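Novice: Take this structure first; my questions come after.
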Amino acid sequence: MGAMDLVFKLIFGSKEQNDAKILKPIAEKTLTFEEEIKKLSNEELTNKTKEFRERVEKYIGCKTEELDLSKEENKKKLQNILDEILPEAFAVVREASIRTTGMRHFDVQVMGGAVLHQGRIAEMKTGEGKTLVATLAVYLNALTGLGVHVVTVNDYLAKRDAEWMTPIYSMLGISVGILDNTRPHSPERRAVYNCDVVYGTNNEFGFDYLRDNMVTRKEDKVQRKFYFAIVDEVDSILIDEARTPLIISGPAEKNIKMYYEIDRIIPMLKQAEVDERMREVAGTGDYVLDEKDKNVYLTEEGVHKVEKLLNVENLYGAQSSTIVHHVNQALKAHKVFKKDVDYMVTDGEVLIVDEFTGRVLEGRRYSDGLHQAIEAKEKVAIQNESQTYATITFQNYFRMYPKLSGMTGTAETEAEEFYKIYKLDVAVIPTNKPIARQDLSDRIYRTRKAKFEALAKYIKELQDAGKPALVGTVSVEMNEELSKVFKRHKINHEVLNAKNHSREAAIIAQAGEPGAVTLATNMAGRGTDIVLGGNPVAKGVAEIEQILVLMRDKAFKERDPYKKEELTKKIKSIDLYKEAFVRSVISGKIEEAKELAQKNNADEMIEKIDRIIQINEKAKVDKERVLAAGGLHVIGSERHEARRIDNQLRGRSGRQGDPGLSVFFLSLEDDLMRLFGGERVSKMMLAMGMGEEEELGHKWLNKSIENAQRKVEGRNFDIRKHLLEYDDVMNQQRMAVYGERDYILYSDDISPRVEEIISEVTEETIEDISGNKKNVDALEVTKWLNSYLIGIDEDAANKAVEGGVDNAVKNLTNLLLEAYRKKASEIDEKIFREVEKNIFLSIIDNRWKDHLFAMDSLREGIGLRGYAEKNPLTEYKLEGYKMFMATMNVIHNELVNLIMRVRIIPNSFDTIERESAFDGGVEEKSSASAMNGGNAQAIQSKVKNAQPNVKMAQKIGRNDPCPCGSGKKYKHCHGKDNPQ
């Protein structure tokens, strides 16, 4: 912090202090309603929701769903009335929470709820109850009836949070939906989105958006208009996953053998030496590896060597462009991506590991052939590459919400990015109790081996003293390596990583017990608190789960349909209220717990009351022991590139004012240290005669580590910002195409748009035929018209083109419009309008898919424009715009062509039910860049089957897209020498 910053802070106070000054009065005003709300009966409390909703609609003067939230004044109007209702509404939620869950919102939680409602990010430390905080903003905004989306990082948290908070919402008459595995476009899926609040993962929300923009019937859409989203672990979703696109794809035809052939030669290539500026030293090797940027590329010597090994004449020739791309991907697979760090191999499948959470990214695949290259490297079955049908990044998806907010324990270090990319301000919410955790200076050793030994000795001492410890690692590989060291030192410990993530909740529930040692990857129980002495609620819920296991088994075996249905209902009810039941027992409200069990016809739960009391009593005793021993000790085994991830690990300790301690054990051989000067420091230590086991500690060294992290964070921010600039080009095009699709889907009659397109196509074609001449060639016009099967002779064409170009455009437009209207009148208009819509949607979907592929190819090679002293981004925008306009031109020409030539067999349409393109075998996956799967033929056949029985003439029109796939009109391509 500079001198001016310090002066400014002293005069005006810190942002945190200023935020607290504004938010505190909101909490105080909420408190004034508490006594009044307490006196209400349950029914009166529920009726407050109806009262609030009436106030909202009266203020805005219309139904909320009629409000156009794209207009700033409407957004402001809605926000104003909700601000007015806020204190009383928050008091209502607080009372409902006390009555249903036994939890009362603290004043700081009320402040957090206000921040979320304001469309900002609430930074709240671990253990401050973010899940409960969300209920305040959710309820207030659910009063609009527009739907609130609560976005979580995984299915477990979505289900847990929804079930945990449902009793509160139910008491207040707010409906809750959970996005699980319900079938896309199903009535069940639509019913979930029609709920007042929907809990789900970022992937589920994003994929539903893409799927909704591939449907062929408006009835198949499941999402409503976007209104408000609250993103939990907002830094993880909006920053860590910002570069991750969601992609719906089908397979592309590729030669699998090529991956094996290229993989075979990679070990034969030698790494080149580089100077201090990462420039290759000529003649020293075949490829340059840049670990900082995670990049690798061939040297000139390497190019010649690969050409020789693969028997290719010119690696950069037109015929070999695919080969050089796959050679580069194979180099990355071998030299940049590491097993058990970036990915792991399980049951013959390559699974990506999230570098930020340590979890396996289920269903995700690297794109552009990288995943296939890794599969070849690991000698597992290679799956097909994919072709993109629809895609969007999380950055652009979440920016579509008129109102967006988020919560996390670590956002302040990324505040600049949140504001610049999403226009989201970060408010740091004070903790309910002061943080009592000690954050010690890093303990640094020369070698990795010395660090591990020192760490093991430290952990052994903690365990012997009955102190719980959480040890964080940055990868599965290090996690398993440290586990071996701990076993050698006879340290009892639990291992938590991507390979056994299913036990996460159970392991974290015990992580706060005396002497417990938990070795975890960066996931560190995100979303699951470590409670000192052990988590009695989690353990109590586990007891109820035992009942559910037996009941599910019984339901599975039950033959009587009636009994089976009753048992299934009972299981769902117990599952929904199990946590509320356990919390009631733990808080001493035994009668309330019994009442809850009896209400759900679950006497089996009552039988567990004594066991839950016993668990709670033991947890109390253990908690006192742990508190006396100094609380939870958190030990980091390596620094992450982002300070935020380190802070997340630290934040596991010292929750709710508990004592705790955090410290990092580092070595100069760690990746971050090695890449930012660790080798130089190591040489200094050797020169000073320091031994391998000696600890190195100095303020300047700690400062240099933080500076290294800042550099990496800054670079990653620049990369994300740069990628967004490119993606914004595609986003504008996507919005235009999806807007056209929506117009088609929601219009009963699209003839005005079709007539407009006929006029545009006619004008463009006549100008094309005439060139720069004043007159139009009647013969060319005749050929063009006959390609539409109009059946006009040359005399009629001569008459139509009399009077120059403008007159020709007018006459020919009228001629085509007359033919179009005549065609529509010859058959049932309703059938024709449906056929028309089907044809338009089919053309858009097919051409959009091709356009996405072309834009990917453009993006891949655009960087080379920099060598010609041109700005690649500017070039991408210009080229992308031209390509998009060309695609729209092709769509319009194809539409006119097909509409004018369509033949409908009578009585065929009503027997065919139009299907969604998504009923086929298309797969959707998110990826670290993309993914794979599906059946390309399936979607094409479904699009065709979606149309009525249509017969097309086989003649190729002059203005049709050339069948060769060039994207040019037929007359400018293979039709040049074939005037028809």
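Placement of Cβ uses the backbone N, Cα and C atoms for every residue, glycine included.
Quick paste from Swiss-Prot:
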{"type": "BINDING", "residues": "GLN109, GLY127, GLU128, GLY129, LYS130, THR131, ASP529", "note": "ATP binding site"}
{"type": "BINDING", "residues": "CYS962, CYS964, CYS973, HIS974", "note": "Zn(2+) binding site"}
{"type": "REGION", "residues": "954-980", "note": "region 'Disordered'"}
Novice: Counting across all protein chains present, how many other Cβ atoms fall within 10 Å of the Cβ of ASP529 (ATP binding site)?
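Specialist: Total other Cβ atoms inside 10 Å, all chains included: 19.
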Novice: Among residues GLN109, GLY127, GLU128, GLY129, LYS130, THR131, ASP529 annotated as binding ATP, what is the maximum Cα-Cα distance? Answer in Å.
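Specialist: Spelled out: the longest distance between any two Cα atoms in GLN109, GLY127, GLU128, GLY129, LYS130, THR131, ASP529 is 17 Å.
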Novice: Which residues, in sequence order, are found in the same chain with Cβ within 8 Å of the centroid defined by the Cβ atoms of GLN109, GLY127, GLU128, GLY129, LYS130, THR131, ASP529 at the ATP site, excluding those residues themselves?
Specialist: MET124, THR126, LEU132, VAL133
Novice: Of GLN109, THR131, the binding-site residues given in the record, which has the fewest other CB atoms within 10 A of its CB?
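Specialist: Candidates: the binding-site residues GLN109, THR131. Fewest Cβ atoms within 10 Å: THR131.
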Novice: Hey, does DSSP put THR131 (ATP binding site) in a helix, a strand, or just coil?
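Specialist: In three-state terms, THR131 (ATP binding site) counts as helix.
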Novice: Using DSSP with the three-state reduction, classify GLN109 (ATP binding site) as helix, strand or coil.
Specialist: helix
